[in-house]
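Peer 1: Annotation comment: Swiss-Prot describes Gly10, Ala11, Gly12, Lys13, Gly14, Thr15, Arg123, Ile132, Tyr133, Gly201 as ATP binding site, evidence class sequence analysis. What Swiss-Prot lists as AMP binding site is Thr31, Arg36, Asn57, Leu58, Val59, Gly85, Phe86, Pro87, Arg88, Gln92, Arg156, Arg167. Here Swiss-Prot flags 30-59 as region 'NMP'. Per Swiss-Prot, region 'LID' is recorded for 122-159, and the stated evidence type is sequence analysis.
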Amino acid sequence: MRVILLGAPGAGKGTQAKFITEKFGIPQISTGDMLRAAVKAGTELGLKAKSVMDAGNLVSDDLIIGLIKDRLAEPDCANGVLFDGFPRTIPQAEALLKAGLEIDHVLEIAVDDEEIVKRMSGRRVHEGSGRIYHTIFNPPKVEGVDDVTGESLVQRKDDVEETVRLRLKVYHDQTKPLVEFYSKLEAQNGKPKCSHIPGVGSVEEITAKVLVALS
């Protein structure tokens, strides 16, 4: 079972990805991890990727597809994989298709932009311990202060509203069109099975919907 999990930053993909990999016993593969592993191992593709990155350039989709093919040939991928952060664009999805790498399921965790902005921009972190609070959903006892140490909480750069909205725009421009791309494929070929899962509610409720979609 090969699964692509789509959703905007802050939609809760990480939680559901953990559930899918544990429930179905499949690895989560990310292009970043594959690149680092190939470079470290000094494989032919790894050396090519290293020379591209050392020159300050982006690694081509063809090279990434080569890495994915190598990774899928490993024993732990025999029952399937969960793709993490790939494909991000239509050309990457087309490259997967051209390479004959079939996808069984495409899940979109859908959350309204304003809900995501509320979720992410309300996060506050205690840098020393990594404890995470939220101004609405999990506030500290005293505003802006860590419950344990009494030290100040900070807002990470990634959680600033302006940054969140920028990341959402990139998602809508580049990655959201994949939902339509795969829906058309499903209409034509009966595969992959595309599922739209509302990402609002308790973790258990969303997980139950994910399980139904993959069954």
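A Cβ is built for glycine as well, from the same backbone N, Cα and C atoms used for every other residue.
Give me the structural setting of these features: burial, nearby parts and distances.
Peer 2: Counting every protein chain shown, the number of other Cβ atoms lying within 10 Å of the Cβ of Gly10 (ATP binding site) is 24.
In sequence order, Ser30, Thr31, Ile64, Ile68, Gln92 are the residues near Phe86 (AMP binding site), counting only same-chain partners six or more apart with C-beta under 8 A. In the three-state DSSP classification, Phe86 (AMP binding site) falls within coil.
Mean per-residue pLDDT, taken over the region 'NMP' (30-59), amounts to 86.
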Peer 1: Looking at the binding-site residues Asn57, Val59, Arg156, which has the shortest Cα distance to Arg123 (ATP binding site)?
Peer 2: Arg156
Peer 1: Between Gly14 (ATP binding site) and Arg88 (AMP binding site), how many Å separate their Cα atoms?
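Peer 2: It is 16 Å, counting Cα to Cα.
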Peer 1: Using other CB atoms within 10 angstroms as the count, which residue among the binding-site residues Thr31, Asn57 scores least?
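Peer 2: Counting other Cβ atoms within 10 Å of each of the binding-site residues Thr31, Asn57, the minimum falls on Asn57.
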